[in-house]
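Taken straight from TrEMBL:
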BINDING   E74, D117, L119, D120, D247  Mg(2+) binding site
Amino acid sequence: SMASPALLMRVVASAYSVAEKAATIVRNVMAAGDLGIVEKTGANDLQTRADRLVQMSICASLARKFPKVTIIGEEELTTDEVTEDLIEDGHCEEILKKTCPAQYSGIKEEELVIWVDPLDGTKEYTEGLLDHVTVLIGIAYGGKAIAGVINQPYYNYEAGDEAVLGRTIWGVLGIGAFGFQLTEAPAGKHIIVTTRSHSSALVNDCISALNPDSVIRVGGAGNKIIQLIEGKASAYVFASPGCKKWDTCAPEAILHAVGGKITDIHGNSFQYNKEVKHMNSAGVLATLRNYEYYASRIPSNVKQSLVP
């Protein structure tokens, strides 16, 4: 008889289906037309009905299947009764067929921490920049991001009615990442992707110092990592606090699974154990290739301004 798949693979396979359910909720809220926008700390920090419903759906669905896993979501929600229509019980068969890397095969539920961003790029969502939006489910073990799922609910949304809407990208360290075409940025070009709605003098000074050929400003950390792995940008640079653990956990796992690198502006790796502070207060530097080129050019005044 076949041994049952390792816990990690079951969690990732479930997270895949849970993320697809989340995408349906995101699209349904948008289609219904009432986004239910609430300002959290200000006009650039928004929460919509989609953020709330998706987080309830993801957290409740995964908690039901994996009750001892720690799940940390972005939104502070009251634990109202989650309605049954928000629960996703399925899993992706394809993922269960992959062999779990040996170093993760003995993981127990209580050793995993799942970081959830129900809707990354909320501001862009409210402004109709739908391709910026992602759903992020990151899986950490021993303080490290080891697996992740990124769903783009509106991938292909401008490709016409015949196109399949949305896609799910997933990855596990030691296996690789799937659901997209891995592409490197044009050789010798320095294309930087950075924040769209959280710019500052420091953010812009840091980018100028890197003397880029071009700068792409888009919303969402998930979206920025996708720019790297699809070769549209060569570095993701954000010299500012503001990014949180749920923004970086899933994207980090996927980037690392294909040989990329993400750190804070000082080169420190992010920690994802359940006691860790939520803020990535020393910014973000990420690349698919040539990390050292960018890391070595971050100005010292920028580093001094950002305390880990």
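Cβ coordinates come from backbone N, Cα and C, glycine included.
Small disclaimer: the values here were computed from a predicted structure and weren't measured.
Ranking the binding-site residues E74, D120 by how many other Cβ atoms lie within 10 angstroms of each Cβ puts E74 at the bottom. A sphere of 10 angstroms centred on the C-beta of L119 (Mg(2+) binding site) encloses 30 other C-beta atoms. Residue with the densest Cβ environment among the binding-site residues D117, D247: D117, by other Cβ atoms within 10 Å.
One way to see the shell of the Mg(2+) site is to take the Cβ centroid of E74, D117, L119, D120, D247; the remaining same-chain residues with a Cβ within 8 Å of it are D51, V116, P118, G121, T122, T134, V135, L136, G220, A221, G222, K244, W246.
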